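Here the structure is laid out as structure tokens; the discussion comes afterwards.
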Amino acid sequence: MIRSVLVLMCSLTFIGNLTRGQSVDMGHNGTGSCLDSQVQPDYFESVHTTWPMPIDTSKAEGVIYPNGKSYSNITLTYTGLYPKANDLGKQYLFSDGHSAPGRLNNLFVSNYSSQVESFDDGFVVRIGAAANKTGTTVISQSTFKPIKKIYPAFLLGHSVGNYTPSNRTGRYLNHTLVILPDGCGTILHAFYCVLHPRTQQNCAGETNFKSLSLWDTPASDCVSGSYNQEATLGAFKVYFDLINCTFRYNYTITEDENAEWFGITQDTQGVHLYSSRKENVFRNNMFHFATLPVYQKILYYTVIPRSIRSPFNDRKAWAAFYIYKLHPLTYLLNFDVEGYITKAVDCGYDDLAQLQCSYESFEVETGVYSVSSFEASPRGEFIEQATTQECDFTPMLTGTPPPIYNFKRLVFTNCNYNLTKLLSLFQVSEFSCHQVSPSSLATGCYSSLTVDYFAYSTDMSSYLQPGSAGAIVQFNYKQDFSNPTCRVLATVPQNLTTITKPSNYAYLTECYKTSAYGKNYLYNAPGAYTPCLSLASRGFSTKYQSHSDGELTTTGYIYPVTGNLQMAFIISVQYGTDTNSVCPMQALRNDTSIEDKLDVCVEYSLHGITGRGVFHNCTSVGLRNQRFVYDTFDNLVGYHSDNGNYYCVRPCVSVPVSVIYDKASNSHATLFGSVACSHVTTMMSQFSRMTKTNLLARTTPGPLQTTVGCAMGFINSSMVVDECQLPLGQSLCAIPPTTSSRVRRATSGASDVFQIATLNFTSPLTLAPINSTGFVVAVPTNFTFGVTQEFIETTIQKITVDCKQYVCNGFKKCEDLLKEYGQFCSKINQALHGANLRQDESIANLFSSIKTQNTQPLQAGLNGDFNLTMLQIPQVTTGERKYRSTIEDLLFNKVTIADPGYMQGYDECMQQGPQSARDLICAQYVAGYKVLPPLYDPYMEAAYTSSLLGSIAGASWTAGLSSFAAIPFAQSIFYRLNGVGITQQVLSENQKIIANKFNQALGAMQTGFTTTNLAFNKVQDAVNANAMALSKLAAELSNTFGAISSSISDILARLDTVEQEAQIDRLINGRLTSLNAFVAQQLVRTEAAARSAQLAQDKVNECVKSQSKRNGFCGTGTHIVSFAINAPNGLYFFHVGYQPTSHVNATAAYGLCNTENPQKCIAPIDGYFVLNQTTSTVADSDQQWYYTGSSFFHPEPITEANSKYVSMDVKFENLTNRLPPPLLSNSTDLDFKEELEEFFKNVSSQGPNFQEISKINTTLLNLNTELMVLSEVVKQLNESYIDLKELGNYTFYQKWPWYIWLGFIAGLVALALCVFFILCCTGCGTSCLGKLKCNRCCDSYDEYEVEKIHVH
């Protein structure tokens, strides 16, 4: 542990505090003329960049150690005066003078003495940084010598002018502080004198004066063991006479060549000096070693040039020194175990530094962090108020003031007042206020101003104070404290002759009403007149004189006015927002225009409405004569200015800033959340210095607009990644620069930047056989395809609330009070950051579970002509149908007609003989009627035509007997008409079936739209929950929590210091409570979203990747397949399944047991044992129990495949006879495996696409219009039940004519002859006429009968 830093350092020792006073002895004055100086700034600037030395905070350079405090082995943030990180400072160089062999010539300096710099908050100096190296001698830049350390000299003062008669700048007027090194760098002078220029040749008061220059001559002044302690001081005295010196201090310095730091600051205690010398240990920490009694504000400083008079052959190079301005900054400091500051971070330098300071850690792990600790600072003022006539205070200044019980009241509106002028006419003895400060009362705007005045002795001032219970407040005047009010007690001076002095002061001692029960005292209401005013107006001439009217009685007391008249003024104001406001007389000022302050944070005072905000031009809304436009939370959002323009007003809030940091490459980038890049530049006052610089200079790639906000330090890319270490949200990922993939900036190529990639999450579609479980008494008998839609919220919007900004809105007074609440804000930030990390973890787990390596689109995985749009109810038929072969289709003509169900039997009958003769024989019976198809082939046409013509032609020859030949024709007509009728009836029944099926589809569509409505409602609620929470949090900003106003600026403007703290503390306490409740709610919602993410993971794994056996888990009904798509804040599922449309109520049993001993029991597998009462009787008890699956009612015998032996259970059904053993059969419950086999074959699907989630902000998601459309669709579907009219089909084949058959047979014969000659005759001999027989090679094979196989 280090000792107190106030202990004087061994290497920098104070050796004298010479006599302080108005005439400190500074020794003899300078004599002779000044040395001539050659001023050549170009020589010094040419080596300006030789040794760039920026502030390196990692080495704690330029850090002033906290005064009076000591820390050990700790890291903390500290606000004080520090240099800015990476500040290059300003470089200064000294040089040897001109010389020739054997003589020393004029001095060689830069123009530093004419450069007057602003002192501001002070500065620090880096001294001897390049000592012991090799450098140029400046005067001869080609000559390089070892570099020696040299100390700077300074002039510091309040006022600066020009030297006369040379008219050169840089002369310090009045008292000037001089810091002067001497004794060849072994002593430091500090004195405070008036510098009077001497008029000798080349001196400051002479015409040829060029530059103030210090010098010493090492050959004579720096002789070993005998250093000249006043060589430089003597040179300074040659230029100035030192007059009226108030002090002179000397400090010795140990001679060395080590680099060191020196600093100067000033406060009300004086000028403070700091040095990094500490017990001969040289570090970058500077410790306070002296305070100089300089109380006049130092505004400027100048570096005094120095030139060393060295011989030509002994020139040296002198180390440059660097001056860095100090600023009020917050640093993160690391103290080692000894107490020294080993490293630091400038919290305002860049976003990474901001991140480190937010977490008070130098080591930050790779991640995405939300930080925002820099608020908008007002950069101007905007004031507008009514300019009308002056408020008339004449009635108060003329006539005789009334007594207290009959006070007079003046109410002012729509005028400008001047309370300062009014009160200056009186001798004020007391000015006390409530809810407003005296200064604010004189400078604020109000909707009305009320003044009550009366004659009143100041000796009785205590009786008017709050809490008094005397006769004054009971029966005369009671001040109203419900509004801001002030009480002024004053004496009327003799020269104010317009006011007439009364002879007596008077007040009431009682006021009461007489009744049978005695006196009923009547007390004054606040700000109201006494009920006995009518009696008191009669006046009082003696003490305790009473007046009564029979009902009321009052008593008065008088005492004479001695000396000057004394009066009381009660001033009350009311705050409002109307244009008839009362404002102070406006002084001439330049802050009445907003045009030059648009889009920046300003303090505003608009007709009594004060605050802080950003103004910008926008489209006018609201009523112009109302001036102000407010939102639902009573926040000012618009203003109609006196210049005719309308301005939108938004608060000076900080933009959510996220820092993306990669530890491996030590790179970082910045993301401005929920803000457009076009708006970022208007908010730059809130950002770190490097961020503002980059935004202006565009030195980094970007800004780049993304769905999550405006990104800096990124370049866009087409990369798609499966793993992401730095998720940005909305499926975006930050890819840090790496050794394998580096992206150089296009501008300089010297820095690595991040890339924005897209996360790729995919999931395969793997389906398993359907198998339902569970027990129900209503078993489905019919199904339809149905789609159930479901939304699951997996994440909520990440929120980072800048606690300090939310509570205090940038007001330092509030922030100082907020520090007394300890680490509350840091805990809030940590809690929100933890919630965000919890979300990242849950989403990462979800995505890691559902992603796959290789996927293919759904359409690419389907074989054949399968069409996804044709997913509908499978067609179920009750019979089998035979089809002709392809050859038959080629050999026969065919026609398609409506088939009532008899066409197949007719066709089979016709094949057994000549068709022309079998037509009537093959007539079919349907419902008792003979029917024939309504078609004739050419043979039947010829036969029936011949029969008809013959009967007609022969009728005249046979006396009508030949008409019997027309009977077949008539019967064929009758039968065919019957067929047409039967066909129409069957078609009508088919139409009913089709209509029923279509109406079932409509019902399924209605159900689908209903679930869509419900799912959309859940999406809307999930997205809007975040906005509602933020809106509620924002609404609390308008809550006063018992304070006089919700605006801190109003509180600061109205009240004095003590009341300000009390009122602001109420706001802090209330807002912290609201913020704590919000954070607690956010944590609960985060945990709920994490649990929902787990549910979504289960849904994807069980529903999307496979088939679920759980009833109702993956939609309604028997699950088939599910699809997942992206949705705001979650996943949207489409569950496809078989949904029952009708059920049968069956008597079921959990199991069956017999009465044998030991008893045997069986239980169903994935189904039930049911009583099939339609096919069984009570007597047939062996056959009345059947098995049916739970997903479809299909009673079947109990087999080993659908049952198993189990132990006895009380719920099992007992049979009185022997339990039949399960049949040895493979029959199982009816499932849909065969129907869906082709659908499930080679099916795969691309998983959820998480790349295009739209940005969700606090704007409420409104799906009401879409939901109304869906409701209207459902309504229209309810009206869509129609009767369909569509016919069935039957294909009828007709043989070709005889001549076609003749040609066909001739062709076959020719083909057979060719085959015979090729295969037989050519293979058995030399020719078909040879001696060898061909029967051996052409022998036929033995015939055998083929066993017939029947296929059912």
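The backbone N, Cα and C atoms fix where each Cβ goes, glycine too.
The domain 'BetaCoV S1-NTD' annotation in Swiss-Prot covers 22-359. The annotation domain 'BetaCoV S1-CTD' is assigned in Swiss-Prot to 389-585. Residues or ranges marked as N-linked glycosylation site by Swiss-Prot on the basis of sequence analysis: ASN29, ASN111, ASN167, ASN244, ASN250, ASN590, ASN760, ASN771, ASN1172, ASN1214, ASN1242, ASN1289 (among others). What Swiss-Prot lists as region 'Fusion peptide 2' is 904-926. Here Swiss-Prot flags 1-12 as signal peptide.
This view paints the features noted in Swiss-Prot onto the structure.
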residue : record                      : DSSP (3 states)
ASN29   : N-linked glycosylation site : coil
ASN111  : N-linked glycosylation site : coil
ASN167  : N-linked glycosylation site : coil
ASN244  : N-linked glycosylation site : strand
ASN250  : N-linked glycosylation site : strand
ASN760  : N-linked glycosylation site : coil
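In the predicted model, the domain 'BetaCoV S1-NTD' (22-359) shows an average pLDDT of 87. The CA atom of ASN29 (N-linked glycosylation site) is located 13 Å away from the CA atom of ASN244 (N-linked glycosylation site). Within 10 Å of ASN167 (N-linked glycosylation site), judged by CA to CA distance, lies none of the glycosylation sites ASN111, ASN250, ASN760. Across the glycosylation sites listed here (ASN29, ASN111, ASN167, ASN244, ASN250), the residue whose Cβ sits among the most other Cβ atoms within 10 Å is ASN250. Geometry remark: ASN244 (N-linked glycosylation site) versus ASN250 (N-linked glycosylation site), CA distance 18 Å. In this structure, the CA atom of ASN250 (N-linked glycosylation site) is 72 Å away from the CA atom of ASN760 (N-linked glycosylation site). Distance from the CA of ASN760 (N-linked glycosylation site) to the CA of ASN111 (N-linked glycosylation site) is 64 Å. The number of other CB atoms found within 10 A of the CB of ASN760 (N-linked glycosylation site), across every protein chain shown, is 20.
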